[in-house]
Structures are given as C-alpha cells and as structure tokens.
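So the structure is just underneath, and the comments pick up after that.
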Amino acid sequence: MAQRIFTLILLLCSTSAFAGLFDAPGRSQFVPADRAFVFDFQQNQHDLTLSWQVKEGYYLYRKQISITPTKADIAAVQLPAGVWHEDEFYGKSEIYRKRLNVPVTVNQAAAGATLTVTYQGCADAGFCYPPETKTVPLSEVAAAIDATPTPAVTQTGETSKPAAQLPFSALWALLIGIGIAFTPCVLPMYPLISGIVLGGRQRLSTGRALLLAFIYVQGMALTYTALGLVAAAAGLQFQAALQHPYVLIGLAIVFTLLALSMFGLFTLQLPSSLQTRLTLMSNRQQGGSPGGVFVMGAIAGLICSPCTTAPLSAILLYIAQSGNMWLGGGTLYLYALGMGLPLMLVTVFGNRLLPKSGPWMAHVKTAFGFVILALPVFLLERIIGEAWGLRLWSLLGVAFFGWAFITSLQARRAGMRIVQIILLAAALISVRPLQDWAFGSPSAQAPAHLNFTAISTVDELNQALAQAKGNPVMLDFYADWCVACKEFEKYTFSDPRVQQALGDTVLLQANVTANNAQDVALLKHLQVLGLPTILFFDAQGQEQPQARVTGFMDAATFSAHLHDRQP
C-alpha cells in the first residue's frame, strides 16, 4: 500500500515537471486569443449565427469586427449595441463582454462559399491581441425567388457605427439659446413680438398670456427640431464621408467663417426677398389665437437674423457631422426653448424685466463667435493629434480671455478689477502650451522616446542579436491598436530612470500594426500571444524567459524589473 502511494506521488511530481518543461517561455497571466474569445458558428439554410464566448476580464471591439463573404451574397449585418469603453488614446469605443451573437442572413451561397470573420479584443489588464481571422465554410444555399442580389461587400462594425456624440451636453443648447436672446438683433424685438402674440390686447389674464407665449415658442421649437432631425438624418447617410480628413477640414473652415460673421466681419442671413415672404405669411396670422400664434412661431423659426444665423448654422452642421437624430432634434428644441424663455417673461411681466440695451449686447454676440470657434478645434483635433490640438485650444483661450480683458477695461463698475485680474490670469495660464512649443520646456530636454532599431522578420532579429556584440538586447512589440503600447511610450520609456537602466542595452522594436504574414511569423516564432510584450536577451543572444513582460508596467515597476532581471 505504501509503495502504491509513493508511486502515485512520484507520478504527480513527474507530470508537474513535464508540464513545466513544456510551458511557454515567460509564462503569461493572459490566455491565448482562442480561449479569451471562443468563436463558433451555426448555419440553418439562410440563417447563420456567429457567436463569441468572451472570457471574464476580456472584451471585443465592436468596430474591429469585419465580415467578408466569398462566393456568397449576404444581407447587411447589423451588429448589436455594445457598452461604452474609454481610454486615453482612442477615446470612447463600443465593446462586447461575456457573449456576442451576430445573426447573418445568407441570401445565396455557391459551392465552396466562405465567410471571412475578423475580430480583435483586449484584456482589462491592458493586454491586446492581434486581429484574429476565422474562415466559416457556408452550406450551399439557393437564392430566393424574390431576393434582390446585393454586391458582396465587407460588413464591419463601422457600417453600423453608433451616432457620434456632440462635444457638449445638449443642455448647453438651452443656455446658448438664452444667450442668443440677449444679442442686439434679438432682444430689442421681444416687446414687439410680445404685442403681436397677444394680438394687441393689453388686458389678458396672466395664464392666457403665458399660454399664448408658450404656444408661440413651441411653434418656433417645432421648426428648429425639424431642422435638427433633417440635418442629423442627412449626416447619418454620409457618416463615413463626414469623417474624412478633407471633409473635417472643410467643416472647420465653414465654422470659422460663421464665427467671423459673429465678429461683425460680414452679415449672414436669409435673402431679403425670402424674409419678406415669410414675414408677410406671419402677418396674415391672427394674434391672440392659439392656432395663429403657433403658425407665427413656426414661421419665425425660419426667419433668421444676422445674430442667429451663424450659431444656428454651426449647430446644424455639427449635428449633421455627428449623425445623431435623437440628440439632433433634442438639441435644437432646447436651443429654441432657450431663445423663447425671455419672450415668455416679457409677455407675462412686461418690459420691466428686460435689461437696458447697450454695447454689452454686441459683446454677447462676439462672445458667441468664440464659442463657435471651439467647433473647428474639436474637428481638427482628430486630424492633427493631441499635441497640436492642445496648442489650438491654447490659442483660442488666449484670444478669448485677452478680448474679455480688454473689453472689461471699459467698465466702470465696482469689483471689475477682480474680474480683470481673473481674466488676465486665465490668459496667462492659457498661453503656457504655446510658450512651451515656441521656446521649449524643461521637460522637453530629456529624450521623449528610446532610440529603437526597427526589425520586422525573424532573420532581421537573428541578425540584430548577432550584431549586439556581447550586449544585452530588449525587443519591444508595438502596434497602433495597442493602447498599453502607447502608454509604455508616453509614461514608461520617457522616464529618466528607465532610460538610464537601459543605457547598455541594444533596443529593438517590431511594429506589428499591419499584422501581415511576416508579423504573424515573428509573433509565432517568439510565442507572443498579444501586446504589449517585451522580450530580453542576454549577451549570448538567448532569451531570458523569466524577464519577459506582458501587459503594462509604469516607470517605477519597469525600472525595478530591469534591475532585477538576470544579467
């Protein structure tokens, strides 16, 4: 009996030893992609279901899912909505967790037809896998008699991309509308509009006057909401084209021109002939009656003054660029409601609530010009990157706070000195990014990045190891789709402690963004599951498995790792 127990213990120990012998070098805490994202499919005639079982702590990117038919015709693929995930470098993305099922309608499939499915995912711990590609064999399916053939195109997560978000909350549109009400083209008109809404009657109950004013505002809001829905619907049809850099640059130029019109460089409004026709239509309506007042409000929404044309055009263009219909209609409704609130107050309480007209109204108009100038920066930031985007924000901040400071010098009210100090301080703070760019900053004296030598194949790696001349070697795997790789560049490799620790190390880097055949071969040769992965080789060109790094490390942790690795 004792001999059997001893034999069993020996067998278990030997099994453990053999398992350790055949473990991958630098055992990783992360599982292979096939275990992180278990892919399966099932076809029943025209109905095909693609499914992924996503391991806990991992997720798939919605926009990275691509479905391409070969010798087959499929209907447009509608990917289900995911959950929002945000990171520093790529902003908001939709992801899938736990399980994903994608129904695909196969209109027709010839003999030997296949479906190529590409997907990509990451781990919450900051480890991303290269794009995975699976080939799904399709059963032969005859086309339905009434089916309309469609071209075989690639269906991706981008085709059903959710509507983009506006750079501001829709509630800000309410505040913008209220602000526009105090411009020189709008505020002086409110007493006149109030009299027209009431039908020239001076003695109406407060409730009746409030009801008529509310109906007028709702008529105006209906027009603006319809404009917002039309703009969003039009933008949704051309969503991909509206994200093209040339289109973004064109929109930025248009927004800049709209802002210049708010600065008084030129006047932007509807043609006078069209305004006259709309005014005549409005005058035919009977004031004091709910129906007539509603129509008057709806027509008033189309009559844009020089102060309202530019802000309205800017909001419409950005809504079209976002393609979000719900947000588009809601934003314009709140904008109209904001413009109508002062009118409702004037109608109920009279002119005594209105501030006196003066130069301050022109200043309000100019301030909204700066608000519109923020939109080109939002758009251009997608093209020129974070660094230049920060400089544009800096330039806009200096211009706005500088203008506000100069304007405040004309005021004689008590307490304006405090406001002037605050504005001047804000301008000085805003200029810092421009100052660092123009004259350099102390932090820029240290090299921002390590000096890597690029390699792309196994042969190039072997050659680089042979040329290391007895020095240790570090090989970093990088890809544009790897968020943690960018974090390594920005936070870890730029640290002086890390750079000092790597002073005598030969630095190699393999960029596997394309994930082509040679990239796959290199990853397979070195048994790299995903990114970021950093390998270390000794002076003889042999990898140090225990020193392998998978996943992100901050500068302090990575520096300690470099000191602890085997020589």
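A Cβ is built for glycine as well, from the same backbone N, Cα and C atoms used for every other residue.
For reference, Swiss-Prot has these:
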DISULFID  Cys122-Cys128  disulfide bond
DISULFID  Cys185-Cys307  disulfide bond
DISULFID  Cys482-Cys485  disulfide bond
DOMAIN    435-567  domain 'Thioredoxin'
SIGNAL    1-19  signal peptide
TRANSMEM  166-186  transmembrane segment
TRANSMEM  210-230  transmembrane segment
TRANSMEM  246-266  transmembrane segment
TRANSMEM  299-319  transmembrane segment
TRANSMEM  326-346  transmembrane segment
TRANSMEM  360-380  transmembrane segment
TRANSMEM  387-407  transmembrane segment
TRANSMEM  418-438  transmembrane segment
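Recorded features from Swiss-Prot, shown on the structure.
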{"residue": "Cys122", "record": "disulfide bond", "DSSP (3 states)": "strand"}
{"residue": "Cys128", "record": "disulfide bond", "DSSP (3 states)": "strand"}
{"residue": "Cys482", "record": "disulfide bond", "DSSP (3 states)": "coil"}
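Around Cys482 (disulfide bond), taking its Cβ as the centre, 25 other Cβ atoms fall within 10 Å, counting all chains.
For the domain 'Thioredoxin' (435-567), the DSSP counts in helix, strand and coil order read 56 helix, 23 strand, 54 coil. Rounded to the nearest whole angstrom, the C-alpha distance between Cys482 (disulfide bond) and Cys128 (disulfide bond) is 6. Simply put, out of 210-230, 246-266, 326-346, 360-380, 418-438, 418-438 has the most Cβ pairs sitting under 8 Å from the transmembrane segment (387-407).
Annotation: stretch 246-266 has the most Cβ pairs under 8 Å to the transmembrane segment (360-380), among 210-230, 246-266, 326-346, 418-438. A distance of 12 Å separates the Cα atom of Cys122 (disulfide bond) from that of Cys485 (disulfide bond).
For Cys485 (disulfide bond), the same-chain residues lying six or more positions away in sequence with a CB closer than 8 A to its CB are Cys128, Phe477, Tyr478, Ala479, Leu531, Pro532. Below 8 angstroms of C-beta separation, residues 163, 165-166, 170-171, 173-182, 186-187, 190-191, 193-194, 197, 210, 213-214, 216-217, 220-221, 223-229, 231-232, 301, 308, 312, 315-316, 319-320, 353-354 of the same chain, each at least six residues beyond the ends of the transmembrane segment (326-346), sit close to that stretch. Remote same-chain partners of the transmembrane segment (210-230), defined as residues 6 or more beyond its termini with a Cβ less than 8 Å from a stretch Cβ, comprise 193-194, 197-198, 204, 288, 290, 293-302, 312, 315-316, 319, 325, 328-333, 335-337, 339-341, 343-344, 347-348.
Mean model confidence for the domain 'Thioredoxin' (435-567) is a pLDDT of 87. Taking each of the disulfide-bonded residues Cys122, Cys128 in turn and counting other Cβ atoms within 10 Å of its Cβ gives the largest count for Cys122.
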